[in-house]
Amino acid sequence: MTSGEEEEGTREQVPVSQPTGTTSIVSTKEKQPNIFIRAIRATFGYRKTSLTLFVLLTIFFTVAFSSYDNSLDFTIDLPETKFEKQLLDSSWLDLQNIARYPHSYGSHANDKVHDYLESRISQTIKGKPFIEFDNGDEKILYNSSKKVVSYYEGNNLLVRVNGTDSSLPAFLLSAHYDSVPSSYGVTDDGMGIASLLGVLSYLANNKQPKRTVIFNFNNDEEFGLYGAQAFVTHPWFKQIQYFLNLEGTGAGGKAILFRGTDYGIVKHFDKVRYPYATSIFQQGFNNRLIHSETDYKVYKEAGLRGLDLAFYKPRDIYHTGEDNIKNINIRSLWHMLSNSIDFTNFISNSIIDNDTGKDEPAIYLSVLNYFFSTSVTTLNTINMVLIVLFPVLSGPLLFITVRYKKWNIGTANLFSLPLAIVITSLVGAVVVNQGFRLVNEFLPASRPMLLVTTTTSILLLTYYILLNGINFVSPSGDQKLVSIIQISFIYWIALIFVTRGLSQNAIGDDHTGEFAFTILFLLEATASLFGLIGWTFTRSVKEPTGDEEPLLNGRMERYVDGSDDEDDVEEEDDEDQSEEENHQHEMTVKHLMQHFGYDWSLQFLLIVPISSLVIYNSGWLVIDGINKSIQESLVAENFIYLIIQLFSQFWILPILPFVYKLNRFMVLGLIAFALVGVTLISSVDPFNQDNPLKLRFIERDGVAHVYGRTGVGISNILGDMPSVKESGVGIKCDSLPDGNEDCSYKAYLPGNSTIPSLSVKSINSTAQQAYINFGAIQINAPESRECSLEFKKVKAIVVYSGEITAKNFKAIPDGFSEDSKGNLYYKDVSGIDVAQLNKLGWNKKFNFGFYWLPDIDDDVAALPIHVECFWSDITIPAYDELLHYTPNWVTWANREKGLVSLTNRIEV
């Protein structure tokens, strides 16, 4: 049968000139494909409708998957076995009892919690000969930070579950049982303590573990990590090598693996049943983006290896009265308790002491309760391989495509995407900083994702207008592949910086949370290589003259099976091309158009869904972890608004190669979404009952001080208090650094209020030697456990337990020492400026001595000392009034160690 004969079906024949001058017949009408083929073509052909459908499905998939993965209710199952149900019920009851009252170190309720825990521990370990209990008190004097010395009297509760193999180093479980004065401490750290009791009960009722497990129920973590520091000096501490610290820097939700000391210990977190983790938070903590610390810091600095497991949100009720039982889900407790049991069970019964990776920082994440981790070295090796392979593979392919396959990349191709990124970034900066931020500055505290989604819509519209506008003015070929290659290059540059940072990873310059760039680059680069390979293996087209011409141009990307809707039809570049010339290339062109009309779907599925999920989930976790800190400082506010812009830009990046194919309905939807978002941003209140304004309080020397961000309306809130209106007292607001203010007013004191007292007197003053002076004071602050002293030029301090005597300064060793009378010394010739004092006795007097060196030009060789003592649980009418009368969208936290303080000044 000749080429001009009909094979099957009815087909219209068209003669076509061949290079040899002969004529062949080409069919222009073929048999209609079946419905399945037509459906596949309609779905996966490069049509605007198909692309828009894919984009919408990707957005739905991304948000739904992330929401599910981060959901407490969907991912954490309550226990089903009888024993675990009993453990959870018992721990929940413990939590209710622990959090009955605020129980800071300086409160009487703290003693009640101590006694309750002492009773529960004794009851749990009764009749267990392999378990020991140490509930003795301890005293320490140490250098807690630069020029600061702290004295602490502690009453930690220590339990040792002895293992069957004494040669194995011990494993520590730690949590603190104190709260802040303004909070019931359910999450911080009642759930940690309740979980410790649950794990202790689990060990006491099961087979004796192979490895010794030690529990530290420690006190006074909130204002100096004192309980953990005191335990470091305990004899049991010497046998410990591993630890798990349980903490709460939020108020409920899921307990996340904040950070780990090294890969060798972090990798074992895959043994827990509900892992929830990301090293993004580890990077944030290590780079000081979170302005709080946990006992993890003490244990790591003491040489232990371990994990920090904690609740992290929401910070606007963290340290407030809203951190209470009624705001907590029992699943949160079970999440922490079950993971603690699993991790303890594995560590205590496994030989992990020869593990590799103990000197390697860890990179980790969890997905749907699956845990993945690797070391910095391993990821760096992968990154370097990818960095080298990308130019090695893509360079030759790009050269072949351009040189031999005649891929014409014009100026519009090269510069349209970079130009669009620059312009859109500027638009985003103006919209966010000069628009949203000025209209509703503190909105990120309650609706951060409204800002993100609205910004994303505006930026996506901007990209659509710019890219289509450039393409209209200067039509370009295969812009999709060009864009994919350019985005791959952007990720390649970013990966180089990430790899460099990881190679020098350190505290303060941590990069362990930037693993997402490896994933994003791998996906984008693979798609770009796929596109280049497709170009490389195409056949050349012969013109009637026999000369070669390019097989493909940008206009061949359209779907060509006749099912295009009106939005999918694109004008051809050369409208005056003759009908005969069209038919000359129809068969070859049709093959290429079908090939390149479907490759987009593979590229889209390879790049967009996973990239979108990685970017969205990472951005959501960062925003969810830091958005409340906008109430803490201007620096935090600047960072949050920067993250909103970066989040929006990066979320759009994966779909940029396809953005000009969005159909008009998607564009209209984006416009509507942006308009609704802008309207809401302009009208909604930044604070509400679920996302309250957080203010901090202290009454100092009879004057109430309220601290918060400038611009949140503190003076208006205070001006509505009955005592302020009735007394006519003025409210004075002073600006503080970093965007904060201190608003103060004379506190209301009814006749029956308990007024604390503070007295400081000099009890000994001598000139020890010609160049050094000595003096001592006595501080009497009934019902106060905590005081702070500020001074200058002090070289050594003494905490007296007995007779006050002046020891020869040269005889005092540097650092900490203790004499035969039980007096504690700390000497630092570089200077001590602050002393923090913490005592257990309620009416015990502080006796302190000081060695100082006066300046040569001082007229008087006296040492000025400023003393401030704090009270936590006395009646505070001004604070009670604020709790009672402020709106339900305001919460209150402590500013200092107590809610009331008195100051005194003395010269020795």
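Glycine too: its Cβ is placed from the backbone N, Cα and C atoms.
Residues or ranges marked as topological domain 'Cytoplasmic' by Swiss-Prot: 1-48, 403-411, 471-480, 536-602, 660-664. Annotation comment: Swiss-Prot describes 15-25 as compositional bias 'Polar residues'. Taken from Swiss-Prot, the feature N-linked glycosylation site applies to Asn143, Asn162, Asn354, Asn627, Asn752, Asn764. Per Swiss-Prot, the feature Zn(2+) 1 binding site maps to His176, Asp188, Glu247; the stated evidence is similarity to another entry. The feature Zn(2+) 2 binding site is assigned by Swiss-Prot to Asp188, Glu222, His319, with similarity to another entry given as support. Residues annotated as active site, proton acceptor in Swiss-Prot, with similarity to another entry given as evidence: Glu221. Sequence annotations record features per position, and here Swiss-Prot assigns site 'Transition state stabilizer' to Tyr318. According to Swiss-Prot, the feature compositional bias 'Acidic residues' maps to 562-579.
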- Message: Give me the DSSP three-state residue breakdown of the topological domain 'Cytoplasmic' (471-480), ordered helix, strand, coil.
- Response: 5 helix, 0 strand, 5 coil
- Query: So which other residues, same chain and not among His176, Asp188, Glu247, have a Cβ within 8 Å of the centroid of the Cβ atoms at the Zn(2+) 1 site?
  - Reply: Ala175, Gly185, Asp189, Gly192, Glu221, Glu222, Leu246, Gly248, Thr249, Thr294, Asp295, Ala310
- Item | Euclidean distance between Cα atoms of Glu221 (active site, proton acceptor) and His176 (Zn(2+) 1 binding site), Å | 6
- Item | Number of Cβ atoms other than its own within 10 Å, given for Glu222 (Zn(2+) 2 binding site) | 24
- Message: Cβ neighbours within 10 Å, counted over all protein chains: which one of the glycosylation sites Asn143, Asn354, Asn627, Asn764 has the most?
- Response: Asn627
- Query: Per DSSP, what is the residue count of the topological domain 'Cytoplasmic' (660-664) in each of helix, strand and coil?
  - Reply: 3 helix, 0 strand, 2 coil
- Message: Can you tell me the CA-to-CA distance separating Asn764 (N-linked glycosylation site) and Asn143 (N-linked glycosylation site), as a whole number of Å?
- Response: 25
- Message: Quick check for the class: what is the C-alpha distance, in angstrom and rounded, between Asn162 (N-linked glycosylation site) and Glu222 (Zn(2+) 2 binding site)?
- Response: 30
- Note on the structure: Lowest 10 Å Cβ neighbour count of the binding-site residues His176, His319 is held by His319
- Message: Could you check which of the recorded positions Asn143, Tyr318, Asn354, Asn627 is the closest Cα neighbour of Glu222 (Zn(2+) 2 binding site)?
- Response: Tyr318
- Message: Run through Asn143, Asn354, Asn627 for me and report the glycosylation sites whose CA is within 10 Å of the CA of Asp188 (Zn(2+) 1 binding site), in sequence order.
- Response: none
- CA pair His319 (Zn(2+) 2 binding site) / Glu221 (active site, proton acceptor), Å rounded to integer, equals 13
- Asn354 (N-linked glycosylation site) sits from Glu247 (Zn(2+) 1 binding site) (Cα to Cα, rounded, in Å) at a distance of 28
- Given the Zn(2+) 2 site Asp188, Glu222, His319, its other Cβ neighbours within 8 Å of the Cβ centroid, in chain order, are Ser179, Val180, Ser183, Gly185, Asp189, Gly248, Tyr318, Asp323
- Message: List the recorded positions among Asn143, Tyr318, Asn354, Asn627 whose C-alpha is within 10 Å of the C-alpha of the residue listed as 'active site, proton acceptor', in sequence order, or say none.
- Response: none
- Query: Going by C-alpha distance, which of the recorded positions Asn143, Tyr318, Asn627 is nearest to Asn354 (N-linked glycosylation site)?
  - Reply: Asn143
